[in-house]
Amino acid sequence: MTNAVEDSGPRDLLFLLISTSRFNRYMPYYTMMAAESLSIEFILYKAGLCFVHCLLLCGAGNTWNDLVDRDIDARVARTKMRPLASGKVTLTEALLWMTGQYFLSVKMLDLILDGRNIWSLMLPLTASIMLYPYLKRPIFSKVFVYPQYILGLAIGYPAITGWASITGSEEPLGDIIKHCIPICLLVFFWCVYFNTAYSHQDSVDDRKMNINSAYVIAGQRIRLFLAFLSVLPLLTIPYIISTINSPWLWVSWMATWTVSIIMQIAQFDSQKLESGGRIHWDNFLLGLWTIAACMVEVGLQKVEFWKNVEGYIKL
């Protein structure tokens, strides 16, 4: 381990630390920009701040995950070359990197919320991020508690941050959380679906080490199980869109997601473990598409497009 670190220059070390944060890869936290709080005047400013906050916090969480799982990762074919698992980054370096990302994310949240409710939002999210890697231990499978549950909560929770950044001075935190429950549920179900598919890539090595993951529920019927999980976010989307009254979102969001998820399940092959990774990638693209669709909706709302269409129809 020592030799690997000594041979790395500062530039190589920086790249290795970045890879522990997954900044060099796609991340589901990017999709948190696709919340209904985007439909206000200063959306771009607030969305940009939320993006940076989520990026930093997700990076810290990924580094923490690699710290806790470094011994497991070293025995899994797909993850054995990760910087911590391979010994290219030391524990001290990773801890410093993680701490820096975390406190920068707190600073960004302070800026987003103007100093309001920072730790009320940050502490539950921090606790879930810290707990996540430990739920992979086999003891939790006995009570049917899987890491995907916590991951779904952690990825859905920042939707509350987005809404609080806009209405926090006018709404109590309890009302903000209540308002965000539908979008949080959507992201929770969605994350459980695509992460179960993603983790199935490692099922062969995971079974050897008795690693806990949601795909163990399905056994040999993983495709049927994924089909069931994929229906849950699709059932949640109509409730969200119906409150916005946007034909555009019915087409760009609901219809697009339905077609995409049907294709994902149709193309999934349990005998080809890499097909789980394909589902994860497809859903990253789906998240980016949803961000774009919501941004278009913001523009349509600003010019009162749907009101004008409704008035034209009445004529």
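Residue numbers in this text run from 1 along the chain shown.
The backbone N, Cα and C atoms fix where each Cβ goes, and this holds for glycine too.
Predicted, not measured: the structure shown is a model, and the values here were computed from it.
Annotated in Swiss-Prot:
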type     : residues : note
TRANSMEM : 40-60    : transmembrane segment
TRANSMEM : 84-103   : transmembrane segment
TRANSMEM : 118-135  : transmembrane segment
TRANSMEM : 143-163  : transmembrane segment
TRANSMEM : 174-194  : transmembrane segment
TRANSMEM : 224-244  : transmembrane segment
TRANSMEM : 248-268  : transmembrane segment
TRANSMEM : 279-299  : transmembrane segment
| Paired segments the transmembrane segment (279-299) and the transmembrane segment (174-194) in contact, 3+ CB pairs under 8 A | yes
| message | Take the C-beta pairs under 8 A between the transmembrane segment (40-60) and each of 118-135, 143-163, 174-194, 224-244. Which stretch has the highest count? | response | 143-163
